[in-house]
Amino acid sequence: MSKTGGSDSKNTLYCSFCGKSQHEVRKLIAGPTVFICDECVELCMDIIREESKSSLVKSRDGIPTPKEIRKVLDDYVIGQDHAKKVLSVAVHNHYKRLNHATKHGDVELAKSNIMLIGPTGSGKTLLAQTLARILDVPFTMADATTLTEAGYVGEDVENIILKLLQAADYNVERAQRGIVYIDEIDKISRKSDNPSITRDVSGEGVQQALLKIMEGTVASVPPQGGRKHPQQEFLQVDTTNILFICGGAFAGLDKIISSRSKGGTSIGFGAKVAPVEERRPGELFREVEPEDLLKYGLIPEFIGRLPVLATLNDLDEAALKQILAEPKNALVKQYQRLFEMENVDLTIHEEALGAIARKAIERKTGARGLRSIMEGILLDTMFDLPGLEGVEEVVISKEVVEQNARPLYIYADRVGDAGASA
């Protein structure tokens, strides 16, 4: 860190690009007659990354290879190697199919929508968001729990297409090549195995409504959203080439898979029964079959529209520690950047990262719960820090996470804990 003192303004050095002084930045790098600060270096790196990403998308007639897709996914998503491989191939084939359709009319290639099955906080949403970013296509997310059949209180299925159109700045052609991610898809499972005589408007009814847009139809979308009115002019959007990715935690599906796999085992005193607890849900999900999803409550036609199944594993302590520190947008890096804005270094010990990961596992929230744990740990520090002078570094140890101890504050001239400086 380049922090030189001295009150003489003549000796103060400035960044040649943003004009900040050496006292306002962490590092000032000297070149022949010019200086550049660490913030401008980061900005340049971001610009280069974006340009290299766009050149990746433009290569090979606009379709990145599965290996190229996987490489970018690795930068943002830790672990889940099987799911990343399945998604990379499926997405590559989908956009290759679109290019094929415009050039060859002899063989029609069917669309392969994707089902993501994995525990809460395992990275389903992040995978879908990252895919859209790689391919530079419009992307929208929908929550299946808010959807109802047309004519009932709730959100129409066709509103999903409206959101995609908005993401494409109302460019219909771009929207027709976009990606839709529908979360909590397991929550619209049929309420019982047997079809009911009463209308299931938020379960089977939504599955039926989604079928039409997933297989390909021309949706009439009201430009300003909401319910349709006879006087409105509608935008016509063909959903044939829109890639649908559905994700869900499918709580209890592991038990259905386990009971099926043990269906042929013997009974009695000599029977060897492996307890379900020996295998985690993520491991069992790898063995999922369409019949398991049918038993869970998805209708056969809906399962048929999602031929590509990608399963995600539970995240263990090692994976959660990696998620905290390693990706380009890792949580630790985000909080370090926030502290940098106060000219303070944030140091989190390796043991503290492990303690944070264990807390997330105990809460059964996966990676999704990491931010709330970090917020709780750093809340008092972030509240006090703007009003403190002379703090150069804040150190988070394992005791801060596990025993609610106070973080260590390192001042320019002394060391003290948060309590001593409050």
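Including glycine, each Cβ sits where the backbone N, Cα and C put it.
Residues annotated as Zn(2+) binding site in Swiss-Prot, with sequence analysis given as evidence: Cys15, Cys18, Cys37, Cys40. Of all the Cβ atoms in the protein chains shown, 13 others lie within 10 Å of the Cβ of Cys18 (Zn(2+) binding site).
Gly121 (ATP binding site) falls within neither a helix nor a strand when secondary structure is assigned with DSSP, and so counts as coil. Long-range Cβ proximity for Gly121 (ATP binding site), meaning a same-chain Cβ under 8 A and a gap of 6 or more residues, is found for Leu315, Ala360, Thr365, Gly366, Ala367, Arg368, Gly369. According to Swiss-Prot, the feature ATP binding site maps to Pro119, Thr120, Gly121, Ser122, Gly123, Lys124, Thr125, Leu126, an assignment based on sequence analysis.
Under the heading domain 'ClpX-type ZB', Swiss-Prot lists 3-56.
Cys15 (Zn(2+) binding site) is surrounded by 21 other CB atoms, counting those within 10 A of its CB over all protein chains shown. Counting only same-chain residues at least 6 apart in sequence, those with a Cβ under 8 Å from the Cβ of Pro119 (ATP binding site) are Ala249, Pro281, Gly282, Leu312, Asp314, Leu315, Gly366. In terms of Cα distance, none of the binding-site residues chosen from Cys15, Cys18, Cys37, Cys40 sits within 10 Å of Thr120 (ATP binding site). Neighbours of the Zn(2+) site: apart from Cys15, Cys18, Cys37, Cys40, residues of the same chain with C-beta atoms within 8 angstroms of the site's C-beta centroid are Ser16, Phe17, Gly19, Lys20, Val25, Leu28, Phe35, Ile36, Asp38, Glu39, Val41.
Between the candidate binding-site residues, Cys37, Cys40, Leu126, the densest Cβ environment within 10 Å is the one around Cys37. For Thr125 (ATP binding site), the same-chain residues lying six or more positions away in sequence with a CB closer than 8 A to its CB are Met141, Tyr181, Asp183, Gly247. Each residue in Gly118, Gly247, Ala249, Leu312, Gly366, Ala367, Arg368 lies on the same chain as Pro119, Thr120, Gly121, Ser122, Gly123, Lys124, Thr125, Leu126 and has a C-beta within 8 Å of the C-beta centroid of that ATP site, without being one of the site residues.
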